[in-house]
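For Asn5, the entry in Swiss-Prot reads N-linked glycosylation site. If you look up Swiss-Prot, you'll see 1-25, 76-99, 161-196, 259-271 marked as topological domain 'Extracellular', on the strength of sequence analysis. What Swiss-Prot lists as topological domain 'Cytoplasmic' is 47-54, 121-139, 218-237, 293-310, and the listing cites sequence analysis. Here Swiss-Prot flags 26-46, 55-75, 100-120, 140-160, 197-217, 238-258, 272-292 as transmembrane segment.
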Amino acid sequence: MDWENCSSLTDFFLLGITNNPEMKVTLFAVFLAVYIINFSANLGMIVLIRMDYQLHTPMYFFLSHLSFCDLCYSTATGPKMLVDLLAKNKSIPFYGCALQFLVFCIFADSECLLLSVMAFDRYKAIINPLLYTVNMSSRVCYLLLTGVYLVGIADALIHMTLAFRLCFCGSNEINHFFCDIPPLLLLSRSDTQVNELVLFTVFGFIELSTISGVFISYCYIILSVLEIHSAEGRFKALSTCTSHLSAVAIFQGTLLFMYFRPSSSYSLDQDKMTSLFYTLVVPMLNPLIYSLRNKDVKEALKKLKNKILF
């Protein structure tokens, strides 16, 4: 690429979800409601865990950070997408685009790894409940959490640096509602083979590590549960895992479909619909899954409700 003839763009133009004027108002109302529920539910989960002493355990410590990740990466994309549905000017500054991608990637990657850490936490709780608080001390929890965020930051910086040093000298229209890597690579006039290789390798490593961690943890959990003689004991042990497994299945399933399907079947329109699901819908579902299926969270909500009313 001749870099001297490659002019630097000052901004990008996000084409958004649809160009149909009749659908825009309806989609705005629907996604605004989804985002408000998402924001309120995740913020509420964080506040509830901080306020209720009974929820000051490793499991809920990690759950509060799962809600924090959901809140951050959905907020990185949601408000801009909502504004663009009604605004005439859908531009985003070049560095604003880079920042949006950076924040989104940090917290999406962190959530991916955090789900694996939460599986490890469930393994420690079930395999040896008497030593659970010792094995999962505050120091261990913070070390695991620090590792999660450091990997998320490192991965995001690698992809951002490689993507935003490419040459964008043609169209500045991104066929998406936020600055994601695949549509940016399609827009670039540079050779993107290195970017694609790094994206596949690094993201593949994170996905493989996460899925392997969850799989190994639950193999040990199942073996441990099988040693419990009473049906009630088995049910109690597994009941704490169902919410986590639901969250893993929804999040990982969406990501695998998004980034690991054959290039021959790749469609930007399909990509946008899938992105909408995991940037807005999945973050909304996580706190609902954990609150509706978790006895401790239900009890904490009842106590908070009684405090407010009385």
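Glycine residues also receive a Cβ, built from the backbone N, Cα and C atoms like all the rest.
Quick caveat, the model's predicted, so the values are computed rather than measured.
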> Residues sitting near the transmembrane segment (238-258): Cβ under 8 Å, six or more positions beyond its termini, same chain?
Replying inline: 59, 66, 111-112, 115, 118-119, 122, 125-126, 207, 210-211, 214, 218, 221, 225, 271, 274-275, 277-278, 282, 285-286, 289-290, 293-295
>> Tell me whether the transmembrane segment (100-120) sits in contact with the transmembrane segment (197-217), defined here as at least 3 Cβ pairs under 8 Å among residues 6 or more apart in sequence.
In response: yes
>> Below 8 Å between Cβ atoms, which of the listed ranges 140-160, 197-217, 272-292 makes the most pairs with the transmembrane segment (55-75)?
In response: 272-292
> Who are the chain neighbours of the topological domain 'Cytoplasmic' (47-54) in space, where the CB to CB distance is under 8 Å and they lie at least 6 residues beyond its ends?
Replying inline: 60-61, 63-64, 296-297, 299-301, 303-304
> Which sequence positions outside the topological domain 'Extracellular' (76-99), separated from its termini by at least 6 residues, show Cβ-Cβ distances below 8 Å to it?
Replying inline: 8-17, 24-25, 27-28, 31-32, 35, 38, 107, 160, 164, 174, 177-179, 275, 279-280
>> Can you work out which residues elsewhere in the same chain, 6+ from the ends of the transmembrane segment (26-46), have a Cβ less than 8 Å from its Cβ atoms?
In response: 17-18, 63-64, 67-68, 70-71, 74-75, 78-79, 81-82, 85-86, 276, 280-281, 283-284, 286-288, 290-291, 297
>> Could you give me three numbers for the topological domain 'Cytoplasmic' (121-139), the DSSP helix, strand and coil residue counts?
In response: 16 helix, 0 strand, 3 coil
